[in-house]
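Lifted from TrEMBL, the feature list:
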type: BINDING; residues: Gly117, Ala118, Phe156, Asp250, Glu251, Val252, Gln253, Thr312; note: pyridoxal 5'-phosphate binding site
type: BINDING; residues: Arg159, Ser311; note: N(2)-acetyl-L-ornithine binding site
type: MOD_RES; residues: Lys282; note: N6-(pyridoxal phosphate)lysine
Amino acid sequence: MNDATTPQRQRSDEWTDAYTRVHMNVFGTPLRVLDHGKGCHVWDVDGNQYLDFLAGIAVNALGYAHPDWVKAVGEQAAKVAHTSNYFATVPQIELAQRLIALAGAPEGSRVYFANSGAEANEAALKLAKKYGGSLPDAWPHMGDKPARILALTHGFHGRTMGALSATWKPAIRKPFEPLVPNIEFVAAGDAGAMRDAFAQTGLGHYGKGPVAAVIMELVQGEAGVVPLKADYVREVRELCTQHDALLIIDEVQTGVGRTGEWFAFQREDLGGVAPDVVSFAKGVASGFPMGGIITFGPKTSSILDPGSHGSTFAGNPLGAAAALATLNVIERDSLLANVEERGKQLREGIMATGNPLFASVRGSGLLNAVVLNRPCAHEAMRWCLDHGLIVNAAAPSVLRLAPPLIVTADQVDEALAILARIPADLDND
Ligand SMILES: Cc1ncc(COP(=O)(O)O)c(C=O)c1O
């Protein structure tokens, strides 16, 4: 920062006024107007520098302006930026091959590309709907009942109509009801509640339709980085297998290295289970809007057939080139190991700061949360910003820390030094 206590914000304030005059107010007032970045740092239009421990909400895996990423996107832009899906491109094919291999998905697995996390989940939910219709005793046969999709309380899957229907937070869901029917919420982490939800199938007149799918995150990111217990995840997998339901794991936030494995479902401490469908987005292309799903095995992979789904930009070669560059750098520079080590350093360092505001810390790899002992996360986030550190208030008393996967030990120490100084007497939000 130019000056930690009185940052210069004149140009940022002018641009913020201009922003509010032309943008629909769905995001609130922007905190700053940013201009450029390099590595884990970003600068606003007044020249103030910030260490970014949010990375565009777990997106900028390689930080800002990574030379390999810039080169790959530039070269692809100079060749072909977009084709329709009447045609294919080599980067798109190579990316699908790589993702299937990194996910350890079996022979016959497939990828569908989308442009965001919500769109990835739309594809997964459409797949689950179509699958549900094919189950015995399910709609649309005479006298049958519609198949159900089970989602978890506190889960977040996006804001499009389908993804929103599986998103728990009533404040963002209720104004748009009625949403997609036959999606039910089951208490997150409660194996008994999940067993009960499955058991409601086929109880004669009072029973419900079969369960087509369970959709869940392994770490509930937007709820405040809350991991599900491995035993619970394994039991949900078991129930899905017993009842022929699909297990959809939403790895939009956790996927592509963020938790220290390529995908969180590969972590033993988060369940170590085989999903039927995995959705991904955010970090996969390190800043290029891209997402998608991986369907595991030939049966699940053939549910969506020609004409049943699609999108103009799906598998766009620019996005595919950005994603391939991202995966290459993660592999070449052993970033998964860095994620594991820096995450440990961060979690240990947070409690060692002795800041009386900090109650606990949780997370995996570089998806972490500091739990505050008071609901002052927004105030704390603003204080950090004024002192050169970008973090995010994921819940009223939770600060989320999700730096780029390239973050160094010195940068973690730098962030810890700022976090240590957050005043314990901040006002509540
Ligand atoms: C787990 C999860 N799923 C889905 C989404 C929606 O992704 P997008 O904002 O790209 O639509 C998010 C976004 O935060 C997410 O965290």
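All residue numbers here begin at 1 and follow the chain in the order shown.
Here the Cβ of each residue, glycine as well, is placed from N, Cα and C on the backbone.
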Which of the three DSSP-derived classes (helix, strand, coil) applies to Asp250 (pyridoxal 5'-phosphate binding site)?
strand
Rounded to a whole angstrom, what is the largest C-alpha distance between any two of the residues Gly117, Ala118, Phe156, Asp250, Glu251, Val252, Gln253, Thr312 that the record assigns to pyridoxal 5'-phosphate?
25
Identify which of the binding-site residues Ala118, Val252 has its Cβ surrounded by the largest number of other Cβ atoms within 10 Å, counting every protein chain shown.
Val252
Spatial neighbours of Gln253 (pyridoxal 5'-phosphate binding site), counting only the recorded positions Arg159, Lys282, Ser311 and Cα distances within 10 Å:
Lys282
I need the most crowded of these binding-site residues: Gln253, Ser311, Thr312. Count other C-beta atoms within 10 angstroms of each C-beta and give me the top one.
Gln253
Ligand 1: which of the binding-site residues Glu251, Ser311, Thr312 have a Cβ closer than 6 angstroms to it?
none
How many other Cβ atoms are found within 10 Å of the Cβ atom of Arg159 (N(2)-acetyl-L-ornithine binding site), counting all protein chains shown?
15
Neighbourhood of Phe156 (pyridoxal 5'-phosphate binding site), C-beta criterion under 8 angstroms, separation at least six:
Thr167, Trp168, Lys169, Glu217, Gln220, Gly221, Glu222, Ala223
DSSP three-state call for Ala118 (pyridoxal 5'-phosphate binding site): helix, strand or coil?
helix
Cα proximity to Arg159 (N(2)-acetyl-L-ornithine binding site), best match among recorded positions Gly117, Ala118, Asp250, Val252, Lys282:
Ala118
Closest of the binding-site residues to the residue listed as 'N6-(pyridoxal phosphate)lysine', Cα to Cα, picking from Ala118, Asp250, Glu251, Val252, Ser311?
Val252
Round to the nearest Å and give the CA-to-CA distance linking Ala118 (pyridoxal 5'-phosphate binding site) with Ser311 (N(2)-acetyl-L-ornithine binding site).
13
Taking the Cα atoms as reference points, how far is Glu251 (pyridoxal 5'-phosphate binding site) from Ser311 (N(2)-acetyl-L-ornithine binding site) in Å?
21
At the Cα level, what's the spacing in Å between Val252 (pyridoxal 5'-phosphate binding site) and Ser311 (N(2)-acetyl-L-ornithine binding site), rounded?
18
Pairwise CA distance, Asp250 (pyridoxal 5'-phosphate binding site) versus Ser311 (N(2)-acetyl-L-ornithine binding site), rounded so that it is a whole Å:
20
